[in-house]
Structure formats: C-alpha cells, structure tokens
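Annotated in TrEMBL:
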- GLU43, CYS62, ILE395, HIS447: Mg(2+) binding site (BINDING)
- CYS65, CYS444: Fe cation binding site (BINDING)
- CYS65, CYS441: Ni(2+) binding site (BINDING)
Amino acid sequence: MVKQIKVSPVTRIEGHAQITIDVDDNNKATDARLNIMEIRGFEKFLQGRAVEEAPRIVTQICGICPVSHHLAAAKAVDECFGVEAPQTANMLRELMQYGQYIHSHSLHFYFLGAPDFVFTPDGNPTQRNVFGIVGANPALATEAVMFRKIGQQIVEATAGRSINPVTYIPGGISKGLTQADVDRLLPMAKQAVTYAQNALALAKPIFNQYIDAIKLLGEAESMHMGLVKNGNLELYDGMLRLQGKDGSIIKEFKPQDYLQYISEYVYPHSYMKAPYWKEMGWENGMYRVSPLSRINVCDQIDTPLANAELQEFRKAFGRPAQMTLLYHYARLIELLYASEKAVELLSNKAITGKELRVPVKARAATGVGVIEAPRGTLIHDYDTDEKGMITKANIIVATAHNNKAINLGLKNTAQKIINSPTPEEGILNRMEMVIRAYDPCFSCATHSVAGKMPLEVTFNYASGEKKVIRR
C-alpha cells in the first residue's frame, strides 16, 4: 500500500506550495511531486483591457519581481504598437532590470538560501532562517540589507517606486534621470560591486564544504535555455539559445518565434503549466531556465569581474553544469554582473538623455516581450484588436519552465534519501532545499486552467450537521 508524506508548507519560498512523497511497503520513496496550491489567472484579467495598461497591471502578479513583468510587458506592448523605444529609455529600463537583480538575488542568497548552509540542513529549524542569520552574524546581515537596499533604490529611481513600477509608457518611459540622480546612484552601484565580491568570497568555501550535498540533491540533467547577445550573458534583450545536455547549441532563435519551439503541458496535480521543447515531445523535451542555465548557455560575460568568476566556475564544474544546488553559485556570479552593468550604465552620459519616448498608434497586432527575470526566462505574449484592446494573453514564467525539472529533482532526491514513512526534519528540509535552489515564484507561475479549478463550499448547520458541495 502506498503511503504519503507531505511537506506543507514549503518554507523560504515566494508563494505557497507543498511536496507530496509516495512511499512503498519497503519504506522506499517511489515518487515525489510539487503541488501548487494557488490559482490566480492574470492572463484572463488582461483580456478586454487597453494594451498600454498591461505593464501596470502585471506588476501585481508578484511583489518580488514586479520589474520583470513590467519590462516584459513593456517590450510586448511596444511590439504591439510597432515601435522601438529611444536609446535612453532602453538604458533606463535596463538599469531598472539590474536594480531588480541586485535586490532579488541578494535577498535570496542571504535570507532564503544561505541559512541551509550556514546552519546546516540538519540545524535547528527555528534558527535556520533570516533571524538566525541576524543573530549569528549581525555585520553580515547588515551588509545583506544594505546590498538589497541599493537595488531597491536603483529600481525606485527608474521605476517611480521600489515595488510595482509605474514609469512605462507606450514607446518609452515617463521619467528620466538627472545628473544629481546619477551622482547619487553611481557610488551605490560601485558599492554593490564590492558587496557582490564579498558574497562570492564568503560563499565559495561554503560550496566546497557542502560539495557532497550539491552532488546529491536535486539531480535533473537537462537542456538549458536563456538569452544571449553576441554569445554574451544577456538579461534584457537578445536571442534565445537552447543548449543540449552535452553542451551543444541546439537552436538560437528570435524570442518572437517561441511558439514554434515551445509547447505547454498541464499536470493534473498542479495549477502551474509545464513547458517543453516541442520537437522532442513531453517525455524528452525538458529544459531549465535559471541563473545556472544563463551561465551555461552564454559563451562569456562582457564584464571583467563576473567573467573571471565564470571561468573559475567552469574549471570546477564544466559546461554545462547540471547540479541544482549550483544555482546559488550562479546567482552570485550574476549578482556581480548586474552590479558591474549598473556602474557601466550610470557612467554613460546618454543615461541622462532627454528623448524618452516615440509616438504610437493602436493597431491589430501581436507583441512578444521576453526578458530574463531573476528566476529565468519570462515571456509575455499579447494579441490586440484594431483599437489596441487585448484579445488574448499568454504569460510563461521561469518557474513554469522549470516545473518538470523540479518534479524530477524531487523524485530523484526522495529515492536517494527517504527510507522511512516518518523521515527526520533534516531529511525533509533537504527536499525543500531542492525547491529553494530554484528560487521559485509560485505567485507568478499559477494560472487559471479551464475545467481544472475546484469549488468547494462547506455548510455548517446549527444542528451540527455539515454538508460539503464540490464542483
């Protein structure tokens, strides 16, 4: 008889999820899967709205990565109008993106991921959290907060506010930077470079210390996909590249052509879609998008400090690196890269340019916007009618791209480490570590799937009788 173990809720993630583990009569795990408990359906909310409203509406999808949705939607809307934003507007959008990376990646490393390594996977769960970090190393916790603050201040300067950006307008951006803004932000960006170097210096010995866990947990050999520009790591605008398990380049294509190559599957136990490479089919078409995927698919990084870290990483783990817990290492390389790029943009005189938008005119069209969100490739795809109203919307987020790999990693890990129907807390935490490495955002990933959403109403009568109606 199959017994089930449930890990609910999964902690130190964004959103709500649980893990279900099947155990046979020999107390061996036979399967494990991720259950997404949320349902949202922003794609339906967009239908019938003016397309220029989309970048403002979609920021409400997620409080951690609203910039990602704002910018992907902005690119899609510009394409619906058939325009290209001016140079300065694109630079400001890109700077906004790097600010988001600084705050999101630093938040995940210090407060969501690091406690498992600082206090060990078997450590006291009441200490294995952000408050434990603060208590164990107040100076480190202060630096982490200041690091994240820099990212938020860059976002606020370019997005109008630090959460839920408002500065997109069709064909450009509503707010520029003054020289005074640059003079304030540039020293912060330079400080972020130092903080990123400190984070890598702190983390690399820890990764070496936990190399056995890195090799053991979350095994999911896969293809990888991400944006590149001239072979370089790219977070804002470029070509999508799919890399095979052996490191070969399978395809490099325009983001607008994604439907030619990517299909979506729906698990019966989840509200999250699961994309796969169409040509290879559901069984063989699994790929991942992530910080690790991005540093796998790129040939090099076009900033000196991050590129040096990339070369060191590849000497240790090869290309492509497949171990899931290396997501943490890759995230720190990107953190350094984003900080360097912020310095580069703020040092460019064009960042204070005055040409911020071009005129637009509504038309019936399709617009696709693709950027690299901190968690991986994000796709916004809108169809509009001749009045510029959205008739159809499709959003594919990073966590959805990774859905199949997360489930496979959980299954492989469970089969290796679970041999009891009542595992110790540290064993179950290792299962959570697999999910945590992906830095998943389940608020972003959940969708309304026709015919899949249950409705349950419970009537409690004064007599004590209870009646449940399900639809």
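Including glycine, each Cβ sits where the backbone N, Cα and C put it.
Nobody curates TrEMBL annotations by hand; they come from automatic prediction.
For the binding-site residues GLU43, ILE395, CYS441, a Cα to Cα distance of within 10 angstroms from CYS65 (Fe cation binding site) holds for CYS441. CYS441 (Ni(2+) binding site) has its Cα within 10 Å of the Cα of these binding-site residues: CYS62, taken from GLU43, CYS62, ILE395. A sphere of 10 angstroms centred on the C-beta of CYS62 (Mg(2+) binding site) encloses 25 other C-beta atoms.
DSSP classifies ILE395 (Mg(2+) binding site) as strand under the three-state reduction. In the three-state DSSP scheme, CYS441 (Ni(2+) binding site) falls into the strand class. For the recorded site, CYS65 (Fe cation binding site), the DSSP three-state label reads coil.
Its Cβ taken as reference, CYS65 (Fe cation binding site) is surrounded by 26 other Cβ atoms within 10 Å in the chains shown.
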